[in-house]
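Participant: Structure provided below as structure tokens; questions to follow.
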Amino acid sequence: MEMRGLDSDGKEFKSSDEMWRQEFGEQGDDDQHKNKNEWYRKGVGYWEGVEASVDGVLGGYGHVNDTDIKASEDFLKSIISERLGTTRKLVALDCGSGIGRVTKNLLLRYFNEVDLEEPVSHFLEAARESLSPENGTVSDDQKAVNFYCVPLQEFTPEAGRYDVIWVQWCIGQLADDDFVSFFKRAKVGLKPNGVFVLKENIAKSGFVLDKEDKSVTRSDLYFKELFKQCGLHLFKSKDQKGFPAELFPVKMYALTTEMPRRVHGTRSKIRSNLPGLIK
């Protein structure tokens, strides 16, 4: 992709393709697959060294938890109202769930069942313990059901199970090709009218490669190009407000597998929901 970027050491790249070649090698190289697996191994290894706590999974910014959840809740409520309704049993998938922070504080208040996917085993065990009936955070009507300790690039959701597939602060761990193949596979997991919600850090332009945790922060334009490759359509988006100025901006995207329907009187609303370029 022809987007300039840099890494956390300050090295500049003329394109994302150049950056990926640095990380994995040239397309077709014998070592490319091995290098990619090593890249993912180091990414998981970084998080294996992080404490299974809210402060740990939020990189020392545990105090933004309430602000994050409130903004996510407002966004989710609008999606449920406009796409899902409240008359049917609702099921969500929490991808990159970590310790179950989003499931516990948000998803279980709106969904009857939530499944969690997380490749870091001690995070997932903390989530399982936190979300157990013994801790009083779940009920028969609203509960965490399945806990999948699988890397996102290898995970395929159960067909037709989910109203919402929530992907927050984890897609940056995936290379572009695995980003696209994940969403293409994951489409099968959505029910009719189902929605992907992606909540991620946003680079002002191009991309930023973090050499330590092996993640890529992409720009809004970069994301929208990948969405196009995935065959996904933007239903709505919203900027996260109220985070410390030193952090990356954060944006929420609601994505559908079909073009959003235009109904009478909604054309201007659809346009207003399209994100502007982050400069």
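Placed from the backbone N, Cα and C atoms, the Cβ positions cover glycine too.
Bear in mind that the values here come from a model prediction, so they are computed numbers and not experimental data.
For Gly96, Arg101, Leu152, Gln153, Gln168, the entry in TrEMBL reads S-adenosyl-L-methionine binding site. TrEMBL lists 1-35 with the feature region 'Disordered'.
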Participant: Could you give the maximum C-alpha to C-alpha distance in Å for the residues Gly96, Arg101, Leu152, Gln153, Gln168 that bind S-adenosyl-L-methionine per the record?
Facilitator: 21
Participant: For Gly96 (S-adenosyl-L-methionine binding site), which residues in the same chain are close in space, meaning a Cβ under 8 Å from its Cβ, but six or more apart along the sequence?
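Facilitator: Correct list: Glu117, Glu118, Leu152, Val167, Gln168, Trp169, Cys170, Ile171, Gln173.
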Participant: Sort out the sequence-distant neighbours of Arg101 (S-adenosyl-L-methionine binding site) for me: same chain, 6+ apart, CB within less than 8 Å of its CB, listed by position.
Facilitator: Val54, Val57, Leu58, Asn65
Participant: Tell me, how many other CB atoms lie within 10 A of the CB of Gln168 (S-adenosyl-L-methionine binding site), whichever protein chain they belong to?
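Facilitator: By my count, 21.
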Participant: Give me the non-local Cβ neighbours of Gln153 (S-adenosyl-L-methionine binding site): same chain, 6+ apart in sequence, Cβ-Cβ under 8 Å, ordered along the sequence.
Facilitator: Tyr40, Leu174, Ala175, Asp178, Ser181, Phe182
Participant: Determine the Cβ neighbour count for Leu152 (S-adenosyl-L-methionine binding site): the number of other Cβ atoms within 10 Å of its Cβ.
Facilitator: 21
